[in-house]
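> Before I ask anything, let me first share the structure, which is written out below as structure tokens.
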Amino acid sequence: MHRFVAVQRITGMLLMLFSFTMVPPIIVDQLTEATTTGPFLMGLWITFLTGALVWWPARKEHAELKTRDGFLITVLFWAVLGAFGAIPLFFADEAWHSYTDAVFEAVSGLTTTGATSVASGLDELPPALNYYRAQLHWLGGMGIIVLAVAVLPMLGVGGMQLYRAETPGPLKNSKLTPRITETARVLWLVYLSLTIACGLSFWAVGMPPFDALCHAFSTLATGGFSTHDASIGYFKSINVEYVAMLFMMLGTINFATHFAVWRGRNLRFYWRDTELRVCIAIILLYTVMIWLLFVIHHTYSSPLLALHKAIFHVVSYGSTTGFATDDPTHWPSPAPLLLMLSMFMVGCAGSTAGGVKVVRLMLFVKQAMREIQKLLHPSAEMGIKLGGKTLPDEVVYAVGAFFSVYIGCTIVLSFLMMLTGLDPVIAFSAIAATINNSGPGLGPVAASMAHVNAFGKWLMIFAMLLGRLEIFTLLIVFTPGFWRR
């Protein structure tokens, strides 16, 4: 009970903190159409009062969090975040006509998935709602828990366990600075700086200021929500697409690497990052394969245009952003499948991208090669190195376990999606898009998930949370051992 009260206190405080993120959309609404202030005020007060009611009975509990408490708070907060973040969308009654649709949109935003439950009409939505969707991306991009870690010490609790539970990638214990709160602040400083640079760049190439702001939020977070049904294709500007590619790539890079470049004032740190070099190699490989398919099938009017389309969509899908200028469903086979596969393996650990992360893929291949070598040399001691350092076997084996569970979850959820009436390929693409936090699937689920029934949407909500919390963080709370003292 003692531990539960501590978790209750933190969850209440985090909910109260989250309620204030509904103030900026109110300001946007007052500056524009002033038609959705009511729903946002309702969302703010319901969220704040619920948080206060949860916090008040446990306000005097100041126990240090244990590891399992950190996992529990992370899961609880992401679950309730979607529930309460959906309130303004539901009460606005613009495009979300059920609470399921509103929760789907909110969770998709916060997990930086970018799949939408809106069939069409994004261009006609009140600006405050489009801003709010983009803001959900931006807050979810680096992890709302990392933001909270920066202020938790002021609230009288430790934050290391939350940071470890939330930070993407297998090497969660590596620090940028000695103090965890300073680390969180540094991450957000880098994130904010890149967001400002992205917004100014979009504006400089002709994007209207409001669109530039919203797309900057979506791009750096590798989210994918747009203010237009046609996504980035709405602007019909190759310069806009180049800016989007640049900042989608920056969002795909480990933020520890960004910090190293910023602190050392040396761009060479990017090239020294082995994971980034492998990431670029994977992007180039997928680009060449898809470009060759375009050229062979004369998909576009010129090889140069085909190359641009190939690299833009590989970067967009691989970074798990999901911006599009064309519908890949109409591309020659197997180009759409290649795009789906790129979702799994382009994002770097410690970035805003989803997927299994390049570093895990590297370790998985190294482990496979080691097992082959062991068959030839059974008595040899063969360590696996990353960045010149030999990794502990438990880290290596954990990567293998992660792949097994990741693939297992994808198969099971894809089978369950088929029960909603989707054919196997479309069902797989919907789960691949959501568990990798990418957004667009294939065919009927390419532009929107609006036509999927409520059961299917809740499956995808679960998949989005699985992907955002990197599988084990969510699954661990369903194990009996987690609840034993």
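Each Cβ is built from the backbone N, Cα and C atoms, and glycine gets one as well.
Annotation comment: TrEMBL describes 12-28, 40-58, 70-91, 136-163, 184-205, 242-262, 274-296, 337-359, 395-419, 458-483 as transmembrane segment. Annotation comment: TrEMBL describes Thr112, Thr113, Gly223, Thr320, Thr321, Asn437 as K(+) binding site.
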> Might you list, by sequence position, any residue in that chain lying six or more from Thr321 (K(+) binding site) with a Cβ less than 8 Å away from its Cβ?
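Counting only residues 6 or more apart in sequence, the Cβ neighbours of Thr321 (K(+) binding site) under 8 Å are Gly114, Ser218, Thr219, Thr222, Gly223, Gly224, Ala244, Met248, Gly251, Val315, Ser438, Gly439.
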> What's the number of neighbouring CB atoms sitting within 10 A of the CB on Gly223 (K(+) binding site)?
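There are 34 of them.
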> Around the Cβ of Thr112 (K(+) binding site), how many other Cβ atoms lie within 10 Å? Please give the count over every shown protein chain.
34
> List, by number or range, the same-chain residues at least 6 past the transmembrane segment (12-28) whose CB is under 8 A from its CB atoms?
36-37, 40-41, 43-45, 47-48, 50-56, 58, 73, 77, 80-81, 84-85, 88, 127-129, 131-132, 135, 139, 144, 148, 151, 155
> For the transmembrane segment (458-483), I need the partner stretch with the highest count of C-beta pairs below 8 angstroms, choosing only from 40-58, 70-91, 242-262.
70-91
> Same chain, not part of Thr112, Thr113, Gly223, Thr320, Thr321, Asn437: whose C-beta falls within 8 angstroms of the C-beta centre of the K(+) site? Give them in sequence order.
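Other same-chain residues near the K(+) site: Thr111, Gly114, His137, Ala221, Thr222, Gly224, Gly322, Thr352, Ala353, Gly354, Ser438, Gly439.
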> Provide the three-state secondary structure of Thr112 (K(+) binding site) computed with DSSP.
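Thr112 (K(+) binding site) sits in coil per DSSP, no helix or strand.
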> What number of additional C-beta atoms lies within 10 angstroms of the C-beta atom of Asn437 (K(+) binding site)?
32
> Which residue, out of the binding-site residues Thr113, Thr320, shows the minimum number of other Cβ atoms inside 10 Å of its Cβ in this structure?
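Ranked by other Cβ atoms within 10 Å, the binding-site residues Thr113, Thr320 bottom out at Thr320.
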> Check Thr320 (K(+) binding site) against DSSP and tell me helix, strand or coil, would you?
coil
